[in-house]
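Pasting a structure below so you can have a look.
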Amino acid sequence: MLGFLKNPVVVTAKINMNLVALTVMGLISRLWGLSYPRAVVFDEVYYGQFVSLYMKRIFFVDDSGPPFGHMLLALGGYLGGFDGNFLWNRIGAEYSVNIPVWSLRLLPALAGALCVPLAYQILVELQFSHCAALGAALLILLENSLITQSRFMLLESILIFFILLAVLSYLKFYNLQRHSSFSGSWWFWLLLTGVACSCAVGVKYMGLFTYMLLLAIAGLHFWHMIGDQNLSNVSLMCHFLARGLALIIIPVAMYLSFFYVHLTLLYRSGPHDQIMTSAFQASLEGGLARITQGQPLEVAYGSQITLRNVLGKPMQCWLHSHTNTYPIRYENGRGSSHQQQVTCYPFKDVNNWWIVKDPGMQQLVVSNPPRPVRHGHIVQLVHGITTRYLNTHDVAAPLSPHSQEVSCYIDYNISMPAQNLWRVEIVNRESDTDVWKTILSEVRFVHVNTSAVLKAIIFHFQLSGASLPEWGYRQLEVVGEKLSKGYHQSMVWNVEEHRYGKSQEQKEREVELHSPTQMDISKNLSFMAKFTELQWKILTLKNEDTEHKYSSSALDWITMDTNIAYWLHPTSGAQIHLLGNVVTWASANVAALVYMCLSLWYLIRRRRKIYDIPEDAWQLWVSAGGISVGGWAVNYLPFFLMEKTLFLYHYLPALTFQILLIPIVLQHLSDHLCRSLLLKSMFSALIVAWFSSVYLVYRTFSPVTYGEPSLSVTELKDLRWKDSWNILIRKQ
């Protein structure tokens with residue numbers, strides 16, 4: 001019974017020593033001296049702030065992209081025991097002893113190291129020789145710019161890792177398609193393609209370019225499958241559904257999960273709250289939630305409310321009034337109504353409170369039971385402190401003469417009657433009988449007499465810094481917008497603070513307006529509502545793009561006419577620059593040019609029924625180009641259409657694909673153009689000499705890649721191979 005124990009248990013495994021060696025070399029090149037320098041390096045000052053906010057569970061919005069990459073950086077800090085207590089205020093600031101520098105930089109370094117074996121495997125899956133695959137991996141290994149970018153708390157190396165993983169996974173899936181459809185490994189690589197694509201997009205939206213490329217390639221491959229008469233309709237449908245599940249549904253679900261984890265972790269109020277809606281702010285712990293927790297949900301006649309403009313950028317503001325009136329005449333000579341000023345005030349204040357009044361009744365308190373205000377109801381808005389009614393009329397606004405002035409009405413016994421009736425329109429209503437709700441409802445106030453819409457002129461301030469003059473205390477203008485076609489957030493308001501008014505007497509009501517409210521009504525947003533709002537803010541929120549010392553144009557990248565100084569030692573000449581391997585960059589450009597010229601030549605010749613290379617070699621040439629040249633194009637050309645500050649590191653994903661093209665072109669030239677043994681030998685000798693120059697340039701620029709050893713002034717000047725490079729040299 002136990003006879004099987006007489007023989008030893010033998011496990012046989014195949015180990016690709018090329019992969020092992022490349023992985024080890026990649027780890028050494030990226031992890032060696034990772035904690036050096038112990039100072040903030042370039043964009044670590046930017047990403048470090050978000051890591052600290054994750055550690056403290058404080059909500060933030062980053063308009064540069066989705067949260068997955070930030071969460072990975074925060075994971076490194078968490079594993080190292082980082083508590084978030086560090087002031088990320090300047091590049092070059094020394095890290096304190098409590099900062100786990102090695103852990104914070106670990107994940108980007110690991111991602112950069114793993115790009116080396118991934119490049120090797122991609123070339124193998126493209127059916128190129130192991131020699132060509134080894135060349136691609138070594139070029140990635142010795143690329144100075146990729147080393148620099150992966151050794152710090154930055155996102156590009158993580159992005160490139162997931163991009164290459166997605167490409168490799170799809171190639172493995174496609175190669176299994178021929179003989180192992182719907183096998184376990186087939187499903188694994190197909191699903192991993194979708195997961196890697198989702199992760200790439202989740203790190204930076206640049207990952208979307210490669211995702212679209214792979215979807216296009218997958219679509220083309222499926223189109224070819226449709227023409228295969230050996231596949232039944234049922235089989236084709238199964239293939240289609242499998243690809244739809246793995247390449248669309250799962251990536252979308254994962255993308256949503258990134259935001260779910262992000263919002264779950266960041267549950268505390270923080271400095272970025274003000275750009276979010278009141279409903280979103282109220283869902284966070286602290287901040288607005290402390291004020292609004294338990295407020296009445298339904299706005300009723302007699303409710304005391306504050307009205308926040310939904311636009312919220314460049315600053316939040318609330319409908320406001322005070323006892324001061326508009327000047328009889330403005331500086332330009334135009335006259336005003338001399339009524340009480342109404343403004344949009346960017347701070348919480350007792351003068352932000354208004355009372356919702358039923359025009360048919362005199363009382364300013366909520367009845368029992370409360371009578372809720374619904375979509376389409378007519379109301380009057382009474383200023384809580386001055387008890388004057390919100391009014392507009394055919395008088396030009398102070399800063400916007402094409403719009404109507406908004407005021408609180410004062411009866412001067414002249415021929416200017418009050419026009420203080422407003423129709424409540426709930427913009428985000430589900431039906432025409434919806435009740436006006438605290439925080440949740442977004443409403444427009446349409447003037448009954450003139451059809452003007454109450455609007456905060458925030459964009460004047462956003463564009464030119466314009467606000468009301470000294471007589472208006474530099475507050476923001478509120479107008480009645482006559483041309484109310486369309487929808488703009490500056491015309492939309494929501495109730496932020498709310499209480500049911502109980503005091504009819506003015507003095508008692510003023511005391512009431514100064515006191516907080518507490519009633520038990522929950523206003524929690526669903527995850528999808530929060531995701532939709534946050535996603536929209538990320539896509540539409542634009543920080544002011546200013547020209548940076550090291551910003552560059554997309555044209556500068558191809559020839560590497562620019563560099564970025566990442567760090568400079570405070571006393572010595574040690575410094576770190578984002579600079580590429582000049583030989584590799586030039587060779588990548590030549591390879592792309594050769595590929596396009598040869599492809600055009602082959603196409604013309606094939607059109608004339610002249611076939612210079614075998615059909616299988618042509619298919620290999622086209623498929624390899626679709627990945628490498630296509631990957632370069634989709635990750636590079638879109639930057640010509642972008643209106644944002646660009647830096648050299650934006651080119652690195654495109655460069656990675658272009659580097660993969662170099663051994664592809666070299667093997668093709670060797671196999672199909674070097675026909676004699678002598679030519680092959682000479683070509684091999686040239687490749688050895690060329691690769692030696694790649695290594696020599698890598699070694700030459702290593703001091704500014706790793707930041708050590710420190711170089712003398714003469715040595716630094718010798719590294720300035722181009723006049724446009726900004727190598728930092730201290731004045732003697």
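Backbone N, Cα and C define each Cβ position, glycine as well.
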Which of these ranges is annotated transmembrane segment in TrEMBL: 99-120, 121-142?
99-120
Run the contact check on the transmembrane segment (616-634) against the transmembrane segment (186-219): 3 or more C-beta pairs under 8 Å, excluding pairs closer than 6 in sequence.
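Contact confirmed: at least 3 Cβ pairs fall under 8 Å.
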Report yes or no: does the transmembrane segment (678-698) come within contact of the transmembrane segment (582-604), defined as 3 or more CB pairs under 8 Å with a sequence separation of 6 or more?
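Contact between the transmembrane segment (582-604) and the transmembrane segment (678-698): present, because at least 3 Cβ pairs are under 8 Å.
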May I ask you to check whether the transmembrane segment (186-219) and the transmembrane segment (67-87) make contact, with contact taken as at least three Cβ pairs under 8 Å and only pairs 6 or more apart in sequence counted?
yes
Counting Cβ pairs under 8 Å that sit 6 or more residues apart, are there three or more between the transmembrane segment (154-174) and the transmembrane segment (67-87)?
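Touching, yes - the transmembrane segment (154-174) and the transmembrane segment (67-87) meet the threshold of 3 or more Cβ pairs under 8 Å.
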Answer yes if the transmembrane segment (67-87) and the transmembrane segment (240-261) have at least three CB pairs under 8 Å among residue pairs 6 or more apart in sequence, and no otherwise.
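When sequence-distant Cβ pairs are counted, the transmembrane segment (240-261) touches the transmembrane segment (67-87), since at least 3 lie under 8 Å.
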Hey, which bits of the same chain come close to the transmembrane segment (582-604), Cβ under 8 Å, at least six residues off its ends?
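Those are 139, 142-143, 558-560, 612-613, 618, 621-622, 625, 628-629, 632, 655, 658-659, 661-662, 664-666, 668-669, 690, 693-694, 697, 721, in sequence order.
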